[in-house]
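*Asks:* Annotated Zn(2+) binding site per Swiss-Prot: C76, H79, C148, in sequence order.
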Amino acid sequence: MSKQEQIEQTIYQLLELLGEDPNREGLLDTPKRVAKMYLEMFNGLEEDPKDQFTAVFSEGHEEVVLVKDIPFHSMCEHHLVPFYGIAHVAYIPSKGRVTGLSKLARAVEVASRRPQLQERLTHQVAHALQDALEPEGVFVMVEAEHMCMSMRGIRKPGSKTVTTVALGKYKEDAILRRELLSMIHNK
């Protein structure tokens with residue numbers, strides 16, 4: 001039995017356990033759709049964010065590189081409901097070594113496509129960039145709304161969680177970090 005078929009069977013059983021009739025018209029294809037969605041939403045489990053940094057160029061650029069407002073969505077590993085928001089990824093190249101800008105967004109994408117915690121997502125992106133490029137500094141900020149806080153429990157829609165990881169010069173130099181935060185927040 002394929003992975004998709006196993007997930008379909010599990011969703012079918014879940015619907016039954018919840019008191020639904022999985023054979024009624026509106027639910028007939030739901031197990032198949034949910035299985036397909038989960039396989040898509042969790043396809044980042046098959047990749048390493050660090051592997052996204054395949055293109056490295058010697059450009060002589062030694063100032064900050066920042067890609068901000070990278071949209072993402074992920075699934076909270078505690079409740080398997082979405083959280084979504086934006087990521088800001090910055091680094092200071094070492095010896096002028098830079099990567100393609102899309103690689104920063106790809107690292108966020110791969111790290112977010114799995115059952116995840118926002119804190120871990122932030123850490124994984126920062127350390128993938130650090131390990132791949134060995135830059136002078138790395139800073140990653142993730143801002144997200146969590147459906148586990150909006151739809152259930154405390155029910156506070158619109159509240160945002162912000163996580164950061166600072167490495168190298170961004171960890172050591174508060175002025176440099178403040179300058180970067182100003183760039184991030186300056187729309």
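Glycine is treated like the rest: Cβ placed from N, Cα and C.
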*Asks:* Measure from the Cβ of C76 (Zn(2+) binding site) and count the other Cβ atoms within 10 Å, all protein chains considered.
*Replies:* 18
*Asks:* Determine, for the Zn(2+) site, the additional residues of the same chain whose CB lies within 8 Å of the mean position of the CB atoms of C76, H79, C148; present them in sequence order.
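*Replies:* Near the Zn(2+) site, the remaining chain residues are M75, E77, H78, L80, V81, F83, H146, M147, M149, R152.
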*Asks:* Report, as a single number, how many Cβ atoms besides its own are within 10 Å of the Cβ of C148 (Zn(2+) binding site).
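*Replies:* So the Cβ neighbour count for C148 (Zn(2+) binding site) comes to 16.
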*Asks:* According to DSSP, does C148 (Zn(2+) binding site) fall in a helix, a strand, or coil?
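*Replies:* Its secondary structure by DSSP: helix.
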*Asks:* Where does H79 (Zn(2+) binding site) sit in DSSP terms: helix, strand, or coil?
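*Replies:* It is coil.
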*Asks:* Would you mind listing, in sequence order, the residues at least six apart from H79 (Zn(2+) binding site) in the same chain with a Cβ closer than 8 Å to its Cβ?
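*Replies:* For H79 (Zn(2+) binding site), the qualifying residues are M147, C148, R152.
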